[in-house]
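Enquirer: The structure follows.
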Amino acid sequence: MTRECAPPTPGSGAPLSGSVLAEAAVVFVVVLSIHAAVWDRYSWCAVALAVQAFYVQYKWDRLLQQGSAVFQFRMSANSGLLPASVVMPLLGLVMKERCQAAGNPYFERFGIVVAATGMAVALFSSVLALGITRPVPTNTCVISGLAGGVIIYIMKHSLSVGEVIEVLEALLIFVYLNMILLYLLPRCFTPGEALLVLGGISFMLNQLIKRSLTVVESQGDPLDFFLLVVVVGMVLMGIFFSTLFVFMDSGTWASSIFFHLMTCVLGLGVVLPWLHRLIRRNPLLWLFQFLFQTETRVYLLAYWCLLATAACLVVLYQNAKRSSSESKKHQAPTIARKYFHFIVVATYIPGIILDRPLLYVAATVCLAVFIFLEYVRYFRIKPLGHTLRSLLSLFLDERDSGPLILTHIYLLLGMSLPIWLVPRPCTQKGSLGGARALVPYAGVLAVGVGDTVASIFGSTMGEIRWPGTKKTFEGTMTSIFAQIISVALILIFDSGVDLNYSYAWILGSISTVSLLEAYTTQIDNLLLPLYLLILLMA
């Protein structure tokens, strides 16, 4: 039986719940595993960062319970600072190791910059929590100060002047995005989710600015530039319309027409010229030639269109059931929501096996479409705004407590990030052999298979609950078993995967991430694939 603790009174300490401690234990297992695999001064920085984040997370949790946080965060979860703080640093460390093994010094340094940027934004989030906590937590300030001092000292003597400036620029963008987006979008994020999402967007925006200014010297292929421009363009478009519709009603036909016209102006007048400058060719012509370059791509695109149609039919069918039921508050059951996980798995596996570059571009286009439709729904843009609000309200859960519906976007991100983040320039010499060959499948395994099976079996047959959570032991065990079966199927159908007897590491990685799924209250669609990606790449 789960015990509920009374919220702490201001100035008093509250015991850490068992689920938070278990989540922290899993995160430390991951951090120490990466530290043992890398074992350099940067991995020591990651350990120091995790230690201070563990202490500061308690302060964030108290601020949320007392309602004393600067912004309105999602209240159905803890702060999640620890699991979010170490993602970017660990990702940068494993990218550095892989690119170092492949003999690519440019992307080796790039991995170090990723790690340093992640540590910088995590330390800022810690300083923010400590600065608004009353009374001032002296012991935590000392721990955080010592860890921050060690990290800053090591990074100061490891980064070049240009890299230090790059990290500081990303940190500055992160600060401004925090102030703007957390104000415009209350209750959409926990502090940890805001750190993870806005930290990633800040880094991408800084990289796009840097590569746009040094386009002659920049390294990368059109796929990377396409992703950067699309993501940054959609975020900036959202900020623009959010600011604009403060002064005008977005639900009128005049505002809707203006929205569509400005979308065309921004797309044709800003995004496409920006992309043209980076790839040095007509973006639309390049995209058309890329999508229809081979017969396999045509078949894949047709197959994906059929799956997209099936997903739309599921939405319409579930809404028809709600209309025919007596209760207008009918919500789609867990199994119905997991239909989309099955559809996404059926989408990604053929793409990973047959044509990963096409999947890379298709996922980017799909992300842009999802974000645009969410803008239409959020701003009530005619003619689809109210229809989307009615259709998607059926699939809301406790994580969609803010004005935005983000769970489907997180699902797409969780499946796509392992595709986008694989260091392609560092994979030419077989450096992704063994367990690393499963890196592109991290989203499929963690979310498409593991989270889906755990949710279905846990909700239908689970009886033994993990302490302090609603998740069940049966759900976790079936999740691990299903992912192992999926790995065996991948070995059968993907001839490019050679695990090279690294079965123990794969089993340990899958089990660790499954335990994290059982205890975390953060968005698992986003967090789990990143942790499995990090472990497999290590």
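We count from 1, first residue shown onward.
Note that Cβ sites are derived from N, Cα and C of the backbone, with glycine treated the same way.
Grabbed the feature section from TrEMBL, which reads as follows:
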| type | residues | note |
| --- | --- | --- |
| TRANSMEM | 16-34 | transmembrane segment |
| TRANSMEM | 78-95 | transmembrane segment |
| TRANSMEM | 107-130 | transmembrane segment |
| TRANSMEM | 136-155 | transmembrane segment |
| TRANSMEM | 225-248 | transmembrane segment |
| TRANSMEM | 257-276 | transmembrane segment |
| TRANSMEM | 296-317 | transmembrane segment |
| TRANSMEM | 338-354 | transmembrane segment |
| TRANSMEM | 360-380 | transmembrane segment |
| TRANSMEM | 401-421 | transmembrane segment |
| TRANSMEM | 441-461 | transmembrane segment |
| TRANSMEM | 473-493 | transmembrane segment |
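Could you place these features in context, so I can see how deep they sit and what lies close by?
Expert: Among residues of the same chain six or more beyond the transmembrane segment (16-34), those with a C-beta under 8 A of the stretch's C-beta atoms are 5, 43, 46-47, 50, 54, 57-58, 61, 78, 82-83, 86, 90, 93-94, 466-469, 512, 515-516, 518-521, 531, 534-535, 538.
Counting residues 6+ beyond its ends, the transmembrane segment (136-155) has Cβ neighbours under 8 Å at 41-42, 44-45, 48-49, 51-52, 55-56, 58-59, 116, 119, 123, 126-127, 130, 164, 167 in the same chain.
Only residues 6 or more beyond the boundaries of the transmembrane segment (225-248), in the same chain, are considered here, and those with a CB under 8 A from a CB of the stretch are 180-181, 184, 201, 204-205, 207-208, 211, 255, 259, 262-263, 266-267, 270-271, 274-275, 278-279, 283, 287, 360-361, 364-365, 367-368, 371-372, 375, 379, 420.
Sequence-distant contacts of the transmembrane segment (360-380), counting only residues of its own chain at least 6 positions beyond either end whose CB sits under 8 Å from a CB of the stretch, comprise 223, 226-227, 230-231, 234, 237-238, 241, 245, 250-251, 255, 259, 263, 287, 290-291, 301, 304, 351, 386, 388-389, 392, 403-406, 408-409, 412-413, 415-416, 419-420.
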Enquirer: Restricting to the same chain and to residues at least six past its boundaries, which positions have a Cβ under 8 Å from a Cβ of the transmembrane segment (78-95)?
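Expert: Long-range Cβ neighbours of the transmembrane segment (78-95): 17, 20, 23-24, 27, 30-31, 34, 37-38, 42-43, 45-46, 49-50, 53-54, 56-57, 60-61, 63-64, 107, 110-119, 121-122, 125-126, 129, 190-193, 195-196, 199-200, 203, 421, 423, 426, 516, 520-522, 527, 530-531, 533-534, 537-538.
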Enquirer: Which sequence positions outside the transmembrane segment (107-130), separated from its termini by at least 6 residues, show Cβ-Cβ distances below 8 Å to it?
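Expert: Non-local partners: 42, 45-46, 49, 52-53, 56, 59-60, 63, 70, 79, 81, 84-100, 136-137, 140-141, 144, 148, 151, 155, 158-159, 163, 166-168, 170-171, 174-175, 191, 195, 198-199, 202-203, 423, 425-426.
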